[in-house]
Amino acid sequence: MGSARIFLAEAVGTAILIIGGVGTAVFDGDKAGVLGVALAFGLSLAVAAYLIGPISGCHINPAITAAMAVVKKTDPRLVPAYVGGQVVGGLFGALLIWSIGQGMPGFTAVGVDGQKNIVSVSEAGFASNGYGIHSPDHYNLGAVMLAEVVATAVFALVVLGTTASGFPAAVGGLVAGAGLGLVHLVTIPVSNTSVNPARSLATAVFQHGWALRQVWVFIVFPLLGGALAGVAWMTLRRAHEAAAVAASAEPATVAARD
């Protein structure tokens, strides 16, 4: 795969994720609610997977690229093309949302100032991720860090599972989308759900305030979660392979005894 093709495919896929997921949160978050936003992110990933999956594998998330690199399913030399495309695509998607929003009277990407509880994803400021007073339910930094690591690791394991030999490729996009929707259902109240540094950076740039000061959390800890998922996946695979070897050797041992 050429790096230019990967860059372009990942940019298109990430833009779709941002437009579908973040766009729903920004424009219709109050009406759609947590369930609707989670569904929008999941469907957006599924659509992108079937569109660009044959070209780049549809990572559209630096944390997934990290997991794929750890398990050696992605050439390390192509990581810059993957991540570069994801960042550019995320920013482009966010720019489209921001531009459309300018046509609505009173639209703002800033959100509330922390003087009252954030009661909807739209009030978080361009659907940005945050902790403390910028968390939807005011979760502290430690809770947000843990939630992002665990949620990203779970999601990355789901994605890795869809790439395993023998997994039906035809449903891979749907399963990955369901996984993303699930972690959103759990963690939207905690951090507005990142699990994707490109998504967090894109919204933080247009919120252009507190979100940029807090975005490091949503870069570092999703990447950590993705890497941990890669390590866990390799450990599980080795254990499975060892068990398979032992099982295949057992009949021969029994026969030798007979």
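Cβ from N, Cα, C; glycine included.
The transmembrane segment feature in TrEMBL is assigned to 7-27, 33-52, 78-100, 139-160, 167-190, 210-233.
By the Cβ criterion (under 8 Å, sequence separation of 6 or more), the transmembrane segment (78-100) is not in contact with the transmembrane segment (167-190), since fewer than 3 such pairs are found. Sequence-distant neighbours of the transmembrane segment (210-233) (same chain, 6+ residues past either end, Cβ-Cβ under 8 Å): 61-71, 114, 125-126, 128-131, 134, 141, 144-145, 148-157, 160, 191, 194-197, 200-201, 203-204. Remote same-chain partners of the transmembrane segment (139-160), defined as residues 6 or more beyond its termini with a Cβ less than 8 Å from a stretch Cβ, comprise 63-64, 67-68, 71, 73, 130-132, 175-176, 178-180, 182-183, 186-187, 189-191, 193-196, 217-218, 221-222, 224-226, 228-230, 232-233. Using a Cβ-Cβ cut-off under 8 Å and counting only residues 6 or more beyond its ends in the same chain, the transmembrane segment (7-27) has close neighbours at 36-37, 40-41, 43-45, 47-49, 51-52, 55-56, 58-61, 81-82, 84-90, 92-94, 96-97, 100-101, 121-122, 126-127, 192, 196, 198-199, 202-203.
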